[in-house]
Amino acid sequence: QIVGGLIGGHHDSKKVKGTVVMMKKNALDFTDLAGSLTDKIFEALGQKVSFQLISSVQSDPANGLQGKHSNPAYLENFLFTLTPLAAGETAFGVTFDWNEEFGVPGAFIIKNTHINEFFLKSLTLEDVPNHGKVHFVCNSWVYPSFRYKSDRIFFANQPYLPSETPELLRKYRENELLTLRGDGTGKREAWDRIYDYDVYNDLGNPDQGEQNVRTTLGGSADYPYPRRGRTGRPPTRTDPKSESRIPLILSLDIYVPRDERFGHLKMSDFLTYALKSIVQFILPELHALFDGTPNEFDSFEDVLRLYEGGIKLPQGPLFKALTAAIPLEMMKELLRTDGEGILRFPTPLVIKDSKTAWRTDEEFAREMLAGVNPIIISRLQEFPPKSKLDPEAYGNQNSTITAEHIEDKLDGLTVDEAMNNNKLFILNHHDVLIPYLRRINTTTTKTYASRTLLFLQDNGSLKPLAIELSLPHPDGDQFGVISKVYTPSDQGVESSIWQLAKAYVAVNDSGVHQLISHWLNTHAVIEPFVIATNRQLSVLHPIHKLLYPHFRDTMNINAMARQILINAGGVLESTVFPSKFAMEMSAVVYKDWVFPDQALPADLVKRGVAVEDSSSPHGVRLLIEDYPYAVDGLEIWSAIKSWVTDYCSFYYGSDEEILKDNELQAWWKELREVGHGDKKNEPWWPEMETPQELIDSCTTIIWIASALHAAVNFGQYPYAGYLPNRPTVSRRFMPEPGTPEYEELKKNPDKAFLKTITAQLQTLLGVSLIEILSRHTTDEIYLGQRESPEWTKDKEPLAAFDKFGKKLTDIEKQIIQRNGDNILTNRSGPVNAPYTLLFPTSEGGLTGKGIPNSVSI
């Protein structure tokens with residue numbers, strides 16, 4: 001009777017058994033992945049962790065007519081489950097009292113009165129009478145209750161639109177969103193779950209001198225930017241508008257909402273890769289101390305030694321101290337004998353088959369279609385190419401390339417005929433660089449703005465025609481530029497000059513890739529979507545369930561980037577040519593960012609490399625048929641769109657249902673007005689008034705987070721791990737006749753080339769970085785996969801997701817088939833590197849393939 005009274009009524013009480021899967025705090029310690037989980041901490045948990053079910057059908061007048069709570073149930077014995085659990089997880093039994101009136105539980109409250117936090121993965125009620133199994137996907141850290149201002153609540157895996165939420169659960173749904181939003185004040189702590197916005201005012205460190213001051217990005221017309229996650233750290237002493245920074249040694253502790261932090265396997269992999277790369281970086285440095293030219297590679301053999309010979313492990317007290325300080329798990333990883341030992345970098349794909357094919361014109365051009373930055377090339381639509389820069393400020397910036405420069409290489413066509421036949425293309429790095437070039441060249445960088453013209457040959461490959469290199473006029477910006485045009489040559493010093501011209505282009509493309517294609521267009525633009533989704537869409541919302549996997553680890557990797565990569569004096573500034581102007585440049589480029597244009601078909605049409613064509617499979621027809629990124633990308637895009645269409649159509653049948661969804665409307669409003677607030681007045685934002693607008697927007701969000709990021713990230717080491725192929729910096733200008741540099745170029749062209757591009761120190765640092773960024777961690781979740789098979793209770797979306805997975809498997813087979821087709825010369829090229837960057841799945845490590853669900857590295 002007492003129990004009956006507790007849960008409402010005097011009916012016979014029954015027992016409902018459940019299984020709780022959790023992980024204790026120090027099971028996640030990367031130094032002890034295999035640690036036993038049945039230790040005293042968990043033994044003590046039993047009576048210190050309580051669960052209370054919340055009824056979705058029986059109200060409690062004493063609780064404001066919200067769902068009735070069951071009496072508390074506590075963790076019981078350790079269970080041996082039939083399904084194997086992941087490393088570090090443990091299952092426990094829990095038994096609830098239940099009666100008929102209580103009905104179906106829609107949520108539960110958990111209270112942790114233990115001193116430690118733990119990771120709660122799931123609760124499954126095995127057999128609720130008249131209902132069967134009820135599953136709660138949790139995947140959340142639960143801290144001691146005194147850390148929270150409100151109860152920790154988890155909902156069952158049945159999605160509901162706001163208007164369809166059971167009445168007794170609505171207040172819980174609303175309150176949980178209020179908790180996640182916070183009140184916009186205070187410094188965030190490790191246990192907080194609050195999602196909020198801030199500008200990029202934390203890149204500089206003005207307290208450490210003028211050289212460490214950086215412009216705030218976001219919140220101004222001059223430097224607009226997507227918002228980042230708010231940490232609430234106090235301002236710097238010298239500038240109240242700049243946020244103070246945490247010490248480098250505490251970088252891993254930078255605030256992100258607790259459940260956004262890397263999981264234990266990822267953190268272990270990440271730290272191991274970082275340590276491994278650092279050691280690889282340090283050892284050649286020690287070696288270079290005994291070299292006559294310590295910051296120079298003297299020959300290409302010198303560069304190749306990084307991958308082939310390696311350096312013998314030094315013995316002695318220093319090495320012993322180093323190994324003693326490294327945890328055992330890490331030592332096993334560092335000293336593996338599978339060709340990736342600590343003493344050398346893995347051989348990048350671009351030089352695996354041939355050590356020299358990267359230098360060919362064909363490979364130079366092919367990488368614009370199938371390399372790590374295949375999203376810049378566009379069709380030439382006016383000749384000579386014109387600039388869009390303001391002539392009042394920058395004078396005449398139009399190209400000086402003439403028909404005489406290129407017509408002898410157009411297979412008998414005139415320039416007009418070649419353009420009309422869609423045969424001329426351009427890699428244009430002129431307008432984006434000119435406003436900053438004068439300042440960039442005051443640093444150790446010495447480089448040019450560039451335009452590269454290419455001709456589409458009958459065999460489907462591209463041929464470089466001319467490279468224009470431009471410098472700001474010495475008398476001032478308003479006088480325009482001084483330009484010089486270079487054309488291909490394979491004879492004598494002209495051949496060496498042509499190789500250098502291509503290197504300057506590669507430097508530009510490398511910087512634009514890292515700052516724009518990679519950081520801005522994937523990492524930075526997606527973070528506001530992560531924040532808004534958690535603030536405005538309940539975990540019960542179907543669109544939250546759709547998008548959630550595509551936000552995994554993004555806030556954490558971006559926070560770490562702000563701490564050690566893109567900050568003043570960080571690794572990015574140290575390794576890319578724009579140096580301290582890098583992030584400011586990306587803000588200027590963000591002015592032209594258009595959300596609907598991030599959709600792959602729209603992007604291809606905008607760049608002129610495709611035309612709209614309703615009779616083509618994906619609604620567009622490629623003008624370069626053998627364009628590996630676009631061909632594979634359109635297949636992936638269509639698969640994502642088909643899946644999103646099936647999913648959204650299940651929940652929304654009319655415009656009215658979209659318009660009356662208050663969470664969805666609040667989400668979209670906040671994204672436009674706050675998350676991407678510097679662009680809130682742009683006319684191109686979808687209104688979010690129709691199911692089609694929702695489908696298109698969600699498809700684009702998923703595309704950016706998954707396939708676009710994979711295409712521009714995981715090819716970094718395969719193509720740029722060998723720095724001569726994609727140098728990040730140029731240190732001197734093109735040699736002029738009559739100078740010692742020109743004589744050196746004639747006598748020792750390789751040495752002159754290496755003295756022009758990235759120096760040894762920068763190379764080692766840059767290669768170390770991109771090796772880390774190009775690796776998949778062992779716990780990666782790929783497109784078409786989910787963390788839990790129980791992510792939703794709705795059968796139709798589950799079936800649609802299964803169909804999506806099968807479609808991606810078919811696409812993998814097609815990619816393998818295309819890569820084996822010798823007619824498609826751009827698929828592998830002279831370096832024999834098959835295009836696999838949009839191959840959906842991968843194993844862990846440095847694979848050059850695989851599309852993770854999210855921007856997770």
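Just so it is clear, glycine is given a Cβ too, placed from its N, Cα and C backbone atoms.
Noted in Swiss-Prot for the protein shown:
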DOMAIN    26-156  domain 'PLAT'
DOMAIN    159-857  domain 'Lipoxygenase'
REGION    205-243  region 'Disordered'
COMPBIAS  208-218  compositional bias 'Polar residues'
BINDING   H518, H523, H709, N713, I857  Fe cation binding site
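For the binding-site residues H518, H523, H709, the greatest number of Cβ atoms within 10 Å around a candidate Cβ is found at H709.
Broken down by DSSP into helix, strand and coil, the region 'Disordered' (205-243) contains 6 helix, 5 strand, 28 coil. Taking the mean position of the Cβ atoms of H518, H523, H709, N713, I857 as the Fe cation site, the remaining residues of that chain whose Cβ falls within 8 Å of it are W519, T522, I557, V712, L773, V855. The average pLDDT computed over the domain 'PLAT' (26-156) stands at 82.
DSSP assigns I857 (Fe cation binding site) to coil in the three-state reduction, placing it in neither a helix nor a strand. Sequence-distant neighbours of N713 (Fe cation binding site) (same chain, six or more apart, CB under 8 Å from its CB) are H518, T522, L773, S774, I857, listed in sequence order.
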